[in-house]
Ligand SMILES: Nc1ncnc2c1ncn2[C@@H]1O[C@H](COP(=O)(O)OP(=O)(O)OP(=O)(O)O)[C@@H](O)[C@H]1O
């Protein structure tokens with residue numbers, strides 16, 4: 001079956017009144033490129049080094065002057081034709097808050113966006129005459145949901161009557177929203193009325209960046225069913241679908257000025273976008289488990305990412321340095337999404353079609369005549385299409401016929417192991433089933449890690465004198481002895497790394513030297529708990545740092561990339577990788593690592609010894625600065641969960657970076673003070689925010705006076721750092 005990659009279109013919105021004019025983000029159309037040839041795409045000046053420009057090549061790029069019609073004609077209309085032919089098409093608008101997603105998808109009555117234009121195009125198609133000798137009957141229906149704080153609501157139903165809808169999977173593996181209404185529409189005008197009423201129900205709120213900011217993800221689905229009757233009476237039915245998705249924007253809570261209730265929304269938005277980034281990352285790295293189930297958004301969009309849909313990602317960009325960090329995240333997400341491959345199928349029944357017929361989801365077949373605009377909602381019927389839990393679980397653990405995406409390292413055997421461990425009584429809720437599955441996976445991973453450790457210990461016993469000593473001190477000495485030359489001083493300096501982390505470092509170093517890490521790690525990372533992933537990522541970062549200190553940039557790069565497998569959302573890590581890649585590619589020395597900027601006079605130690613101590617702390621804390629954060633040890637799991645949530649709440653953590661960006665040098669300069677705008681997002685309580693603001697002020701002063709500081713770490717204080725500080 002043919003594959004189709006997700007297409008990307010990038011659109012830069014015009015400056016809004018009050019926004020500063022600068023060239024930080026530019027649309028380039030066939031501009032001369034350094035290596036000859038021409039470049040079309042988006043160019044962004046590196047926030048940390050004005051002499052570098054990141055280039056993101058895209059064939060479809062729209063600058064601030066581009067019209068809604070231009071985007072529709074070039075990128076959307078061809079997809080309408082495809083959907084009409086019986087294929088599922090998903091178009092989603094993605095970008096930071098206030099970047100123009102709703103403007104692009106919805107538009108205004110005077111300047112309609114993608115959605116009204118698609119509807120108009122569908123009705124134009126239904127009115128066009130069929131081929132000679134045939135008759136054609138077209139039916140179009142709409143459904144419309146919003147995902148608000150990870151709950152699904154039907155926007156075609158008045159909110160007070162709209163329950164949270166469950167997301168289900170049918171026997172064919174198709175994910176659908178159970179009980180969702182699907183309203184037939186007879187004309188573009190009828191659609192306008194339904195759409196206007198439904199859109200007014202969408203959760204919208206004011207933030208500092210957008211007076212009408214979407215607080216939910218909205219997915220409008222247009223289902224088309226075209227029945228063609230040939231002269232001999234033979235009939236074919238083609239059913240296509242257009243999912244038009246207006247995602248809520250990732251939010252930097254420093255810029256949005258969100259109050260606590262907005263922050264709760266923001267948290268849900270950023271979390272689901274983070275999962276979206278993880279899904280794309282998992283698809284790109286060929287992971288055996290794609291985390292679709294980690295959010296309703298990704299579960300519902302499953303078909304669009306790695307499924308049977310044709311996809312278009314409209315990447316909305318806000319102009320200027322203020323949004324530059326988010327713009328880079330958006331573009332890197334786009335670069336990664338560009339590599340996601342789908343396998344579209346044509347949904348056609350009857351006749352002599354040579355295409356495979358795939359069963360459409362039950363809801364889209366309903367074409368319910370809905371009384372929702374006219375009569376009492378109590379009379380509405382919501383057919384339950386919920387499969388029996390036991391059946392779903394058996395598919396989940398590999399018993400079904402090819403419908404399961406879930407597997408753990410080692411596939412079949414693991415599935416067997418899981419199957420044997422828990423029986424699922426009928427009548428369990430979805431949440432209970434999920435919880436059981438998580439427990440089983442965790443248990444299985446733990447078992448495997450223990451097995452692996454036992455094997456390692458066995459091997460060590462075989463090859464040399466026993467390293468099993470009673471005291472932790474002696475263990476440490478053994479490790480230092482076993483380290484490759486040049487690394488022992490590193491571990492000495494890293495006194496604050498706990499015993500477990502040191503063991504990991506050693507283990508990872510050995511694995512790396514043996515060159516057997518990569519493929520296995522890809523699968524391990526799939527199944528490790530978030531806490532374990534973070535610990536492993538942190539170990540890799542510390543090791544990478546050691547190699548970069550020795551000047552082994554290539555090895556350091558490799559190790560940083562491995563760290564990324566475990567912590568794919570870590571923005572600072574991605575930035576580090578980009579910087580080293582650039583240094584390696586251009587044969588340059590790697591820049592000094594980012595300094596932790598401290599307020600003058602606070603915690604700063606004088607003299608050479610003080611400086612050295614400070615430097616050591618910086619080295620030891622790099623893993624934490626990389627946001628591979630958290631306290632150490634078994635008792636720290638809660639803390640790490642908190643840190644993980646905090647990290648996912650920052651808009652910057654929400655996206656998976658890719659490395660499609662091409663870096664070039666320019667001679668442009670910019671003010672270092674402006675970095676404070678890009679310094680990253682933090683999701684803070686009011687008390688924490690007050691502290692952060694105080695720190696941020698101090699930081700700006702330091703930046704002005706320390707010209708060599710190019711890197712500003714997140715200002716938000718982290719509990720793990722405080723804990724380390726207390727131990728020092
Ligand atoms: N291409 C454009 N031309 C003119 N105005 C635009 C354009 N794109 C966006 N805008 C304006 O920018 C503002 C923010 O746009 P919009 O609400 O579409 O952003 P958004 O990405 O949907 O934000 P959020 O995620 O907060 O909902 C609006 O006032 C909108 O009218």
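Each Cβ is built from the backbone N, Cα and C atoms, and glycine gets one as well.
In TrEMBL, annotation is done automatically, which means it is predicted and not curated.
The stretch that TrEMBL tags with region 'Disordered', taken from the ranges 402-446, 447-491, 492-536, is 447-491.
Per TrEMBL, the stretch carrying the note region 'Disordered' among 538-592, 593-647 is 593-647. Sequence-distant neighbours of residue 100 (ATP binding site): residues of the same chain at least 6 apart with a C-beta under 8 Å from its C-beta are 11, 13, 316, 317, 318.
Sequence-distant contacts of residue 95 (ATP binding site), defined as residues of its own chain at least six apart whose C-beta falls under 8 angstroms from its C-beta, comprise 101, 247, 249, 250, 315, 316, 317, 318, 326, 330. Neighbour count (other Cβ atoms within 10 Å of the Cβ, all protein chains): 25 for residue 102 (ATP binding site).
In this structure, 97, 102 are the binding-site residues from 96, 97, 102 whose C-beta falls under 6 Å of some atom of ligand 1.
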